[in-house]
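Asker: Pulled from TrEMBL, these are the listed features:
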- 1-111: region 'Disordered' (REGION)
- 25-48: compositional bias 'Acidic residues' (COMPBIAS)
- 66-77: compositional bias 'Basic and acidic residues' (COMPBIAS)
- 78-91: compositional bias 'Acidic residues' (COMPBIAS)
- 92-103: compositional bias 'Basic and acidic residues' (COMPBIAS)
- 225-512: domain 'SAM-dependent MTase RsmB/NOP-type' (DOMAIN)
- CYS317, CYS318, ALA319, PRO320, GLY321, GLY322, LYS323, ASP341, ASP368, ASP385: S-adenosyl-L-methionine binding site (BINDING)
- CYS442: active site, nucleophile (ACT_SITE)
- 523-581: region 'Disordered' (REGION)
- 526-543: compositional bias 'Low complexity' (COMPBIAS)
- 550-560: compositional bias 'Basic and acidic residues' (COMPBIAS)
- 566-581: compositional bias 'Basic residues' (COMPBIAS)
Amino acid sequence: DNSRWLAPAKAKKTQPKGNHVELSSDGEVEEGSWEMEEEDGSSEEMVDDYGASSSEEEELLPIEKAALKQKPDREGLSEDDSEEEEEEEAEEASKQKMGQKEEEGPDLQLNLDIDEPFKLPTSEEMEKEDILFICNIHKPCASLAVGDSLTVLPPAEPPDLHVIHQRIQGNMEVLQDFGVKREEGRSRQEYLALLRRDMAAYYSYSDFLLTKLMDIFPLPELVNFLEANEVPRPVTIRTNTLKTRRRDLAQALINRGVNLDPLGKWSKTGLVIYDSTVPIGATPEYLAGHYMLQGASSLLPVMALAPQENERILDMCCAPGGKTSYIAQLMKNTGMILANDSSAERLRSVVGNLHRLGVTNTVVSNCDGRQFPKVLGGFDRVLLDAPCSGTGVISKDPAVKTNKDETDILRCAHLQKELILSAIDSVNAASETGGYIVYCTCSIMVEENEWVVDYALKKRNVRLVATGLDFGKEGFTRFKDRRFHPSLKSTRRFYPHTHNMDGFFIAKFKKFSNAIPQARKDEGPAVEAAAPSAVPDAIIAEPPSKKKKLEGSKAKEEQKLPQPALKKKRSLQAQRRPLKA
């Protein structure tokens with residue numbers, strides 16, 4: 001009987017449990033295992049279904065049938081559950097794809113757990129990172145002249161700053177534990193040379209300036225200093241107490257949408273501005289002279305000067321007038337301030353600020369500070385904010401990173417030495433309340449700070465005293481092969497990475513004699529600076545003054561005069577003398 005095996009068999013697809021659709025490796029739905037079952041359940045014999053009538057369900061594709069079977073199940077689920085299932089399916093699909101990628105490219109995996117030791121790059125690797133080579137065939141690059149032949153090699157590829165930064169960090173770790181982590185056969189100088197080169201490339205500094213900074217700071221602190229120079233200092237203002245109080249000014253600015261806080265416990269007038277909805281330099285309060293836009297570090301020299309009421313004070317380099325107006329504020333517009341600057345153009349801003357802030361006790365002059373004792377002297381206090389290289393304000397002027405060299409530093413140091421001697425000569429040592437000189441710069445170079453102060457101690461009868469500032473780092477008493485006077489510990493240094501203000505240096509002198517000591521060839525550091533109170537002024541060798549010479553010549557003339565004429569002259573002199581009470 002052939003009818004049994006000729007009858008079409010019913011095809012049945014075995015669906016996996018859990019209503020789960022399996023995806024193939026390429027993301028398509030896999031077909032289920034199709035089994036041919038006979039009516040009696042035996043599947044041993046092969047059945048031919050050619051030409052047999054089939055239902056609509058049998059004509060559908062396998063993927064459509066799977067969708068139909070899942071549809072009633074989904075109708076019973078909530079929307080949240082269906083979304084969760086879709087997310088799970090998408091995650092599984094992405095996992096499968098990621099697995100495929102990992103199998104295809106195992107080299108792309110990065111093993112971050114392995115801490116590989118730092119190794120110095122080869123010379124070939126260094127040449128690839130060089131941005132520009134300027135090679136002078138005949139002369140060194142420092143002495144290029146017109147007509148010299150240059151070979152300019154363009155970069156093969158731009159330097160990767162991320163790689164340079166990682167190399168800086170690895171180099172720093174090796175240098176901190178050099179004996180253990182160093183590479184065999186490599187010297188410390190090689191590591192330092194690479195570090196200086198990488199820092200110069202990463203932070204855009206000249207090799208000269210970076211070498212100077214590496215001499216001043218330890219390596220971990222150097223990185224902090226360089227990073228701090230990439231961030232601007234906070235905006236600070238100084239309250240003008242001649243016109244308002246800090247509390248009233250802060251409330252008025254808060255009402256205008258300014259977010260501010262007091263500058264610190266060390267300042268009673270300063271405010272720090274975080275953000276503002278109005279321009280700080282154009283508010284009605286600013287135009288009315290209630291405050292002055294001024295950096296936090298520029299408040300410190302005036303605080304160290306500590307001016308008293310009714311004194312005569314000289315501000316030798318006053319532009320743009322922030323420190324001058326602060327002095328007038330502390331003096332409550334009493335006494336007299338001589339605001340001097342060698343630049344007539346910069347004095348315009350000084351006059352404008354003094355008028356706006358309501359300062360009435362200041363005279364503005366345009367003179368060279370080096371000639372100032374000849375112009376006017378006898379001041380109670382002098383403030384000298386000397387012109388400098390500006391290495392403490394790199395965040396304000398990034399051009400300093402590359403446009404300063406040894407010549408600029410030494411030129412500034414020479415000018416500062418001349419100015420500080422003029423400032424000391426302008427002070428009256430016999431002043432009842434004063435006799436003080438404050439020297440400050442916005443530079444961190446030793447040549448412009450400790451070197452200049454040590455020079456002043458040798459050339460004039462002054463000593464260093466405490467600045468009165470509770471914070472700041474002590475000045476250097478020794479730097480490389482130079483040794484300075486021990487009293488330079490009383491000077492103060494301020495850095496952007498430690499105090500969040502511009503780099504600054506402040507020294508305060510006390511003048512104890514108006515006499516200028518004679519220069520000696522083998523003269524060491526001034527002994528007077530160490531213990532001036534123990535040495536009386538009479539011991540100091542003073543050169544014979546003009547007055548004494550005139551008195552001696554008059555005595556000789558009197559000896560030559562006859563007796564009657566001498567008696568007549570002495571009687572006239574007695575009449576001119578004032579009567580004693």
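Note that Cβ sites are derived from N, Cα and C of the backbone, with glycine treated the same way.
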Asker: Taking the Cβ of LYS323 (S-adenosyl-L-methionine binding site) as the reference point, list residues of the same chain whose Cβ is under 8 angstroms away and which are at least six residues distant in sequence.
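Answerer: Same-chain residues close to LYS323 (S-adenosyl-L-methionine binding site) (Cβ under 8 Å, separated by 6 or more) are SER298, PRO301, VAL302, ASP315, LEU383, ASP385.
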Asker: Given the S-adenosyl-L-methionine binding site residues CYS317, CYS318, ALA319, PRO320, GLY321, GLY322, LYS323, ASP341, ASP368, ASP385 in the record, what is the largest Cα to Cα distance, rounded to whole Å?
Answerer: 20
Asker: When you measure from the Cβ of GLY321 (S-adenosyl-L-methionine binding site), how many other Cβ atoms are you left with inside 10 Å?
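Answerer: There are 27 such Cβ atoms around GLY321 (S-adenosyl-L-methionine binding site).
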Asker: How big is the gap, in Å, between the Cα of ALA319 (S-adenosyl-L-methionine binding site) and that of the residue listed as 'active site, nucleophile', rounded to a whole number?
Answerer: 14
Asker: Could you state the CA-to-CA distance between ASP368 (S-adenosyl-L-methionine binding site) and the residue listed as 'active site, nucleophile' to the nearest Å?
Answerer: 20
Asker: So for ASP368 (S-adenosyl-L-methionine binding site), how many other CB atoms are inside 10 Å of its CB?
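Answerer: Total other Cβ atoms inside 10 Å, all chains included: 13.
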Asker: Using Cα coordinates, what distance in whole Å links the residue listed as 'active site, nucleophile' and CYS317 (S-adenosyl-L-methionine binding site)?
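Answerer: The separation of the Cα atoms works out to 13 Å.
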Asker: Report the same-chain neighbours of CYS317 (S-adenosyl-L-methionine binding site): residues 6+ apart in sequence with Cβ closer than 8 Å to its Cβ, ordered by sequence.
Answerer: ASN340, ASP341, SER342, GLY369, LEU384, ASP385, ALA386, PRO387, LEU419
